[in-house]
Amino acid sequence: MLKEIRGKSAKNLRGRSFLKLLDFTTDEIRYLLDLSKNFKDMKRAGIPHRYLEGKNIVLLFEKTSTRTRCSFEVAGYDLGMGVTYLDPNSSQMGHKESIEDTARVLGRMYDGIEYRGFSQELVETLAEYSGVPVWNGLTDLFHPTQMLADLLTIEEKFGYLKGLKFTYMGDARNNVANSLMIACVKMGMHFTACSPKHLFPTEDLVAEAKKIAAQTGGSVTLTENVSEGTKGAHVLYTDIWVSMGEPDSVWEERIKLLKPYQVNKAAMDNADKDAIFLHCLPSFHDLKTTKGQEINKKFGLPEMEVTNEVFESHKSVVFDEAENRMHTIKAVMYATMC
């Protein structure tokens, strides 16, 4: 079964850290997606796959999460591993102990480390000093595990990735947009960032993405025009307008800037007839959260980055996407540890 689950696209990723997709080739990403599909099939068929029995991992969370934590924990248990969760109050990392020292201690006790927090530099340091695979659960710059789930979901719906038109609407300089741009061009897709100009991705990252696109047949387009940006798109994707850790004072400015970039019926109608909608979640698409109620009371906006009509429509595959976090994270841990 081990040989079978690796598949024909198998690559040797043992000992590698998963910090950003820029570190991985198209073929390596393809292997992780194929492996994810195999694990998903096994999970649904009820076939045990405790291939990492006896190993232990630690999850370091400086930012809270539902999907990332649950995905790593369930994936870890399914693979037979022991899982330790540490929140900001449970470790001395960066406060009374340096990142380098913490990394070396954890590397002696655990076989793998997940980090979700603010600093990309911090997760890179953990990888450098721990001596074990480190997985980026999210930083302010990149969100690579989310990208694998997104790619898997898109491929499940269309049957392929290369050549598809992908449009991200909203704050295109955030970690999700950065990662999506790289993920799309790595797989030969056509990525469009549809946002206000001063929220475009950085010039350096765009240049890097275009360099990759030239090799894979993909492309990168930046536009402020919603009609142009969504026309014929196979995938429309958005994220909340204020990132984790940003103060509430940012909301007013961001809402004013991004309201024209809301994913609504008009945007979906302008996209390809078979277009799908993705969102990494959580989403402010109704008034069923305290934060959503606060925003509506202050700004008179019952729906934010996506309308409830689109979110609840048959074109929305956000819960398939959320489930796929677990399968893809399982693939990453297996590939880098076994």
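Glycine too: its Cβ is placed from the backbone N, Cα and C atoms.
Lifted from Swiss-Prot, the feature list:
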type: BINDING; residues: SER65, THR66, ARG67, THR68, GLN92, ARG116, HIS143, PRO144, THR145, GLN146, CYS280, LEU281, ARG325; note: carbamoyl phosphate binding site
type: BINDING; residues: ASN175, ASP239, SER243, MET244; note: L-ornithine binding site
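The structure, with features from Swiss-Prot marked on it.
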residue	record	DSSP class
SER65	carbamoyl phosphate binding site	coil
HIS143	carbamoyl phosphate binding site	coil
ASN175	L-ornithine binding site	helix
ASP239	L-ornithine binding site	coil
CYS280	carbamoyl phosphate binding site	coil
ARG325	carbamoyl phosphate binding site	helix
Query raised in the report: Given the binding-site residues SER65, THR145, which one's Cβ is surrounded by the fewest other Cβ atoms within 10 Å?
Result: SER65
Query raised in the report: When you put ASP239 (L-ornithine binding site) at the centre and draw a 10 Å sphere around its Cα, which of the binding-site residues SER65, HIS143, THR145, CYS280, ARG325 have their Cα inside it?
Result: CYS280
Query - Tertiary neighbours of ASN175 (L-ornithine binding site) (same chain, Cβ under 8 Å, six or more apart) - result: LEU138, THR139, ASP140, LEU141, PHE142, HIS143, SER243
Query raised in the report: So what sits near ARG67 (carbamoyl phosphate binding site) in its own chain, CB-to-CB under 8 Å and at least six residues off in sequence?
Result: LEU281, ALA322, ARG325
Query raised in the report: Within 10 angstroms of the C-beta of CYS280 (carbamoyl phosphate binding site), what count of other C-beta atoms is obtained when all protein chains are considered?
Result: 25
